[in-house]
Amino acid sequence: MMVNTLEAKNMTIDSLPGNSLGFLGPWGTYSEEAAHILCQNRDRELIPYPGIDAAIRATDAGEIAECIVPAENSLDGSVNITLDTLAHDVHLYITHEIIFPVRHNLLIKTPGTDISSIVSHPQALAQCRNTLRRLYPQAKILPAGSTGEAARLVAAGQYAAAVGSLKAASAYGLQAVVSDLQDSPHNFTRFIVLERQPAQNPQGSCKTSLVCKINGERPGSLCDVLQEFARRNVNMTRIESRPARTGLGLYIFFFDLEGSAADSNLRSALEAVCAKSIWYKNLGSYPTNSKTLNLLNDHDQVYL
């Protein structure tokens, strides 16, 4: 594996390589960890971006070949900025997914630090909400753009402690004084890889994702969509609603389905759902990360 690291702010579109991979920076984030997992068998230039939406938009604009972004977490649910940007602002496809357990740590700069403030990405803070309240009831809990950014701020002396990874601690010269801060040991994050073209002939166990808007004023319209899957024996593994951005109480729906759009039954279901939708976007078919899922089932530990 060869992974080169580049700073997004110092790159131009013309100078970026065709194998560039964007992620939520700075260095030391869980997104960087996911990027390294993705790059185990592929050469990639890793480029950090200041926001999830920035990495997605850079991919859509052709500034980078692909990006890897968090989509959902087993404790705190969907990453809304990922879903909303993917649905409304870009034309990209999901080509891979990576799922792994996340273990949070409390990071400090100096031994004996009074934990008066704790900073991290809002998702990380939410995954540790009860533990932080129990251990540090008087601490101010503050948001940062990412877990890596939180570690950088603590290293700069702006806050007392950060919630982040052991990699972040190493990157910024911090010490991990408390481990396993997450409220549950079953803390898994699913990352998705986005590209401008769909995955070509994904093999093995696959998943297909789509987002659509249906006629919410007609009773049973969502049920009609679900029945298109059921009557063709297509298993739905996830459904999520998000605001349609066209008025209060109006929604779009994300679906994850077992199988590939190349499968005749799923292809037929997608055509039927498209016909019933006011607005429809196929987000692609891609291989499920069965190897990582097997690790989860075997309770193997992955340190991030």
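Counting begins at 1 with the first residue displayed.
Using N, Cα and C of the backbone, Cβ positions are placed for all residues, glycine too.
Now, the feature entries from TrEMBL:
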- 20-196: domain 'Prephenate dehydratase' (DOMAIN)
- 210-285: domain 'ACT' (DOMAIN)
- THR189: site 'Essential for prephenate dehydratase activity' (SITE)
Within the domain 'ACT' (210-285), residues counted as helix, strand or coil by DSSP: 23 helix, 27 strand, 26 coil
Overall pLDDT for the domain 'ACT' (210-285), taken as the rounded mean: 94
